[in-house]
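Going by TrEMBL, these are the annotated features:
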DOMAIN    38-124  domain 'Pyrroline-5-carboxylate reductase catalytic N-terminal'
DOMAIN    272-406  domain 'Ferric oxidoreductase'
TRANSMEM  222-247  transmembrane segment
TRANSMEM  267-285  transmembrane segment
TRANSMEM  311-332  transmembrane segment
TRANSMEM  365-383  transmembrane segment
TRANSMEM  404-425  transmembrane segment
TRANSMEM  437-460  transmembrane segment
Amino acid sequence: MLFIPSYSVRMPKGEMRKPLLGDLRGPNQPLCDLGSRTVGILGSGDFSRSLAWRLVASGVRVVVGSRNPKRSTGLFPEEVEVTSHQEASAQAHVIFIALFPEHYSTLVSLKGVLAGKVLVDVSNSLKLNHDRPSNAELLATVLPESTVVKGFNVVSAWALLNRPHDGNKQVLICSDSCEAKNTVIILARTMGFIPVDMGCLSSARDIENAPLRLFPSWSTPVLCWIGLFSFFYTYNFVRSVLLPYVVKGQNVFYKLPVETVNKTFPSVSLVMLGLVYLPGLLASVQQLRRGTKYQQFPGWLDRWLCMRKQLGLLSFFSAALHAVYSLCLPMRRSARYELLNAAFKQVKEGKENSWVEEEVWRMELYVSLGILALGLLSLLAVTSLPSLGNSLNWREFSFIQSKLGCVALTVAILHTLMFGWGRAFDKTQYRFYLPPTFVLVLILPCVVLVARLSLALPYVSHRLERIRRGWEVGPWVHFQQQECHSSLEGVSTV
């Protein structure tokens, strides 16, 4: 939870005072009028103050219980009544417990007042909990006559204070009481959040562990990025720096900080982009081979499909760094020395014009395709963000991520081919029997592109579309058809 300064702040005016989503309660919802209900908060810390502001802005009457009401009154909006724990618990039916778990024992004296009340536990743990009871379950043990609901622990004080946006709009909620859980769900919707029902109170441990996991969906993609970067950087270092020094005595170690890194980033970007679309092709092949979409993919493929967004963003990150490094290449002192040496050599040889038409066209096409590829990757990266992706319907999102993604992969491959030009067939480029880096880089993306084009063939695409619409064919289907024919023959014989 984010830290909110502890000085006195007045209730914001204007937009903050208006309910975010208006009246979201349906005719069958048990909580009839949140505005006429009183919601209590036990605790006067940072999260409690932000929560009170958001509740008041949503049109809910709030009463706060504090150990020192006089000192805490100035920290809350004027509409909020700050009183003792006893009085706040007596006035409200839904009460947020904004206390640290080690202080739950102090609520034992309020057991009679809190009996039959809905208690919302918003606490978090300091470390991952794998075997101990959750804080919400501990609260339910301390106050067995109350109904405990776990929720709002994944929402920061900043999100409560500044309106929920995008990724921090979800509120994970669980409880053993459906009625109490439904009450908190409606309250979360009124506050402008998206409640997610996580089931019984036994799920509270997972909900409390969620904020403690550091980028859980990014670990494998980041490790993949680090592995690819290490491989291509080492390969470029051995081929372009180390071997020339060992064999010919050429000292070009100055290339390590910029030039070698600049050769590595596009390699990583293109391979990562190929890894984005490869699992989808493998899934399509699985469906074609099985003849049905109703069989689960292998676990590794399912996990791979779920990390395509992260792989794509890391691919864009590498491409963006490659563009920045490329723009900085002429600024290096070594590049200026090389340019002066080339000019002096040309003057010494008596050349008046060093223009090479083929090299000019190659570089023009290479730069143009690189800019276009970076632009397409930028579009893919931006639309994968929730703030923009949520504004697109499914067809628009699928068109950008699938169709334009394939175009981006094709343009990136052409960009690499323009860099290689005819050097892939030049024996002098295979120094020390090592192929140029771009030859290795093109293997996976070209395989993905060819496989994508193969699946786009009319017969294959039509069959795949029918399977995804529910049409099935496979050994077990044939077995069912044979059983059906056998039973029909038996009936006709009888």
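Positions of Cβ are set from backbone N, Cα and C atoms, glycine also.
The helix, strand and coil residue counts that DSSP assigns across the domain 'Ferric oxidoreductase' (272-406) are 112 helix, 0 strand, 23 coil. Here the domain 'Pyrroline-5-carboxylate reductase catalytic N-terminal' (38-124) has a mean pLDDT of 93 out of 100. Proximity of distant same-chain residues to the transmembrane segment (437-460), defined by a Cβ-Cβ separation under 8 Å and at least 6 residues beyond the stretch ends, is recorded for 232, 235-236, 239, 263, 266-267, 270-271, 273-275, 277-278, 281, 284, 288, 406, 409-410, 412-413, 416-417, 419-420, 424. Proximity of distant same-chain residues to the transmembrane segment (267-285), defined by a Cβ-Cβ separation under 8 Å and at least 6 residues beyond the stretch ends, is recorded for 224-225, 228-229, 232, 297, 301, 304-305, 308, 311-312, 314-316, 318-319, 322, 377, 405-406, 408-409, 412-413, 416, 437-438, 440-442, 444-445, 447-448, 451-452, 455, 464. Long-range Cβ contacts of the transmembrane segment (404-425) within its own chain (Cβ-Cβ under 8 Å, at least 6 residues beyond either end) map to 266, 269-270, 273-274, 276-277, 312, 319, 362, 365-366, 369-370, 372-373, 376-377, 379-380, 436, 438-439, 441-442, 445-446, 448-449, 452. The residues of the domain 'Pyrroline-5-carboxylate reductase catalytic N-terminal' (38-124), classed with DSSP into helix (H, G, I), strand (E, B) and coil, number 40 helix, 21 strand, 26 coil.
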